[in-house]
Amino acid sequence: MAGVNVCIKCSMFIFNFVFWLCGAIILSVAISIRAGKIGQEILAPGDADLNLFIAVNILIFVGAVIMILGFLGCCGAMKENQFMMILFFVGLLMILLLQVAAGIVATTRKSKTEQALNKTLLINARLLSSTDENERVFQKAFSELQEELKCCGLVNGASDWGSNFQHYYRTCECPSESDSSCTKYSGKTIYKQSCFASISQMFSKRLFIVLALAFGLAAIEVLGLIFSIVLYCQMRKK
């Protein structure tokens, strides 16, 4: 009986290691969107009609499963375990189908997702001027974010802060009044631009990175299916 081809065995191991790394990247980027400051503290308080995080939640699940499958594939290849290879093949096929379906949905609903994001930001803009103690966490988080992004206010600039401006203006302050990106407001030199565009771009950029990785992995996954079938057949002939 013929043995398992060493070249295919090593290729399968390398493939699964790269596959595991890709899963780790997808998982980390998706979690950074879902659990980061923008996702957790800036977007979460607003109750938009559409859930902005459905695609992100799916990708967190996909990333975790890819890591498990990568580990399973490595072990199956090295130990020449037929059962592990079957599990790997079935799991990889399901992930591939899920990725394709999620990618199609995300692409066709791109404009609706952007509308939902914009609506959430508009809703949350009202929270900046609130005097309710329950909104202090959101206001503090946004104050730190606007300092990082070098902007002021969420939609309409500094006026979004209302009477709270005097309490949070320091993170809006601009280094120089002569700078074209700065303006005067209530006697303070602040950034002219609101944070609306910056937050939208940041969210969209991270989501694009994750989706690009997911689509790129689809081609690699097809190779993984072929490798696993060939390796499994050789194991049976051994």
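From the backbone N, Cα and C atoms, a Cβ is placed for every residue, glycine too.
Going by Swiss-Prot, the topological domain containing I8 carries a different name from the one containing N57, and the two residues are therefore on opposite sides of the membrane.
Among residues of the same chain six or more beyond the topological domain 'Cytoplasmic' (73-83), those with a C-beta under 8 A of the stretch's C-beta atoms are 4, 9, 12-13, 15-17, 19-20, 92, 224, 228, 231-232, 235-236, 238.
Sequence-distant neighbours of N118 (N-linked glycosylation site): residues of the same chain at least 6 apart with a C-beta under 8 Å from its C-beta are S200.
Sequence-distant residue pairs (6 or more apart) of the transmembrane segment (10-33) and the transmembrane segment (84-109) include fewer than 3 whose Cβ atoms are under 8 Å, leaving the two stretches without contact.
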